[in-house]
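*Asks:* Sending over a structure as structure tokens; questions will come in a sec.
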Amino acid sequence: MQAVNSFVAAYLKKKGFKEAEQLLEDLHSKDSAAPIDFHNDPDLAKFIHHFSQSEDEVARYQDGYSKLRSWTYSSLDLYKHELLRVLYPVFIHSFMDLVAKGHLQEARTFFNAFHEDHQLMHSRDLQKLEGVLSQSHLEEMEFARSLRQNKVNVKICQYSYDLLLQYLHKTQSSAMLGVINEHINFQATSGQPGSISDDIEVVTLIGSCQDAANQINQKEIHWGLLEDSLEERSEKEGGLLSDSEKTEGENKEGDAEESKKRSAEGGKQGSSTKKLKKDKAVNATAKSTRLEAKTTSSAPRVKPELTLPIMSTEVEQSILEDLRNRVQLSSIALPSVSFYTFLDTHNGLNCSSISHDGSLVAGGFSDSSLKVWDTAKLGQQTGGATLQGENDSTSSEHVVRPNGVKRSYTLFQGHSGPVYSATFSPLGDFILSSSADTTIRLWSTKLNANLVCYKGHNYPVWDVQFSPVGHYFASASHDRTARIWAMDRIQPLRVMAGHLSDVDCVQWHANCNYIATGSSDRTVRLWDVQSGECVRIFIGHRSMILSLAMSPDGRYMASGDEDGTIMTWDLSSGRCVTPLMGHTSCVWTLAFSCEGTLLASGSADCTVKLWDVTTSTKAPRNEEKSGNPNRLRSLKTLPTKSTPVYSLQFSRRNLLFAAGVLSKKV
């Protein structure tokens, strides 16, 4: 008992608790008749155990993590990559626990000792956490607060999970066991460990509480297309045409067989056989593209929740004509690409946009101006001896020079801050622009004038997008909200609030009943435009989302982030279909082909990539279980000389337009 008293007295003296030390001495001096029984007094036992723990608390975190790290790296290769997923969340929460308990210097030492292990995959997170220098920072910093409030979801196989628990109990690593129990939610799966390629989608750090996200994702959504749309009418007409084409193809095939017999008799069998194989290949291609085109027609039909604008007969006929002449694309029938390059922008170009028919190209600049080029007039300029070298190099690349001798563009001025986004109406007669001045402006490309200035956001507006039917548009802002507007109303119709950080991009669903928003909080949300409620939360990205695209049938969505990762999502389930790995820098723009078989992506790595969408969405179940990384393959990579890709746009006839600015950094 004397040893216990001496220990308590020494601790109180060390910590400077003079009053408590004096009281303890007084207690001993009274020489109480009823001695304190240490072994049979649980409260005193807990009290002493608590203080003894605080003495070596820092060492328990450092030793516990160091031993867990060594054990993980020495595990069998079959399970190592799954067990490594646990290290990063344990590391960041151990660091924050040390900060929260006041061990600031020790927390900094711990961070510096082990952060290099996670630098490759989580460099941006570590940069933010490096700024946590006090306990108040944990509450003030949004990123740290989100980490503390939400559990980390880690997906590993059952055997890896059992190995981890066995290690923790065997080593009695209470600090690591406490961190894992409090901050990590394991999703143990049966069967063999997943592949390393799945690591991108198995660890979710922040964005939303998983339970809340799962509850929201249970809501019913209607992802089908609008009833009696122009596309549906065109497909009905196209179906009749394809049947007649099929009959003609069969007749031609019969003629080819007869010619084959005749040529065999004449001794020219080889050339006819080659021709016959070619005809069969063409017929097979046509058949596959027709089958892929029917995926849109098989989508369910829904009624619009918004009052749709009335379209004139002349415009309807023009659109139907484009749809009838649409080129069917597939993995073996890739689109033609027309690329517009901005020159001499002096780092002033923030965004670009291309009209649906490719006739107009717009650029938003840091000097608050919006400039629109008519592509039909570009070739008529003769004062461009400096343009010839660029045109000679690539015949398919059109050069847009903002600073030509004769002004080759229409200048729209009205904003009082940099222009961050621009979007053309479906018919190209209007263009919207958003700016750092918190406003959105509507311009007429016919009158070359500003028509309306929409005010509602409180901070810079990063993105604005017209709906597929025009009239309505959506905006995304630094104020963490997205808003839905109508051209004839100066106030927003709906305000979508729920993201934890900037809303960086926005995209309309094909049926105009939903909008999707991508945010710096690394989540994508789907909103019902009628109620303004969030009906889906998509969690999986590791960095801010910069681009979104909706498939034409309305079933799938693609999102691109700052790290160069593209993820395709099933809207009905809210789950990731597959990640697309290939870009090495920010994915700034995405676009689905008109029948939904191809996805085009444009990046800051100066490339346009074409992806086979049908391969991913129809992957066999055995491939999904084995985590085959090639189930969505990149069909083609189109590199530019030194031009980051700002925008992509498929025309109604399936010609792909792209735009970017020439960078002097090679």
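Count begins at 1; order follows the chain as displayed.
From the backbone N, Cα and C atoms, a Cβ is placed for every residue, glycine too.
All annotation found in TrEMBL is predicted automatically rather than curated by experts.
Feature list, courtesy of TrEMBL:
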DOMAIN    57-184  domain 'TFIID subunit TAF5 NTD2'
REGION    234-300  region 'Disordered'
COMPBIAS  234-265  compositional bias 'Basic and acidic residues'
REPEAT    412-444  repeat 'WD'
REPEAT    454-495  repeat 'WD'
REPEAT    496-537  repeat 'WD'
REPEAT    538-579  repeat 'WD'
REPEAT    580-621  repeat 'WD'
*Asks:* Mind checking which residues of the chain, 6+ beyond the ends of the repeat 'WD' (412-444), have their Cβ under 8 Å from one of its Cβ atoms?
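*Replies:* Hits for the repeat 'WD' (412-444): 315, 350-357, 359-360, 362-372, 450-455, 457-466, 468-470, 473, 475, 477, 485, 487.
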*Asks:* For the repeat 'WD' (496-537), DSSP counts of helix, strand and coil?
*Replies:* 0 helix, 24 strand, 18 coil
*Asks:* For the repeat 'WD' (538-579), what's the mean pLDDT in this predicted model?
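*Replies:* Residues in the repeat 'WD' (538-579) carry a mean pLDDT of 90 in this prediction.
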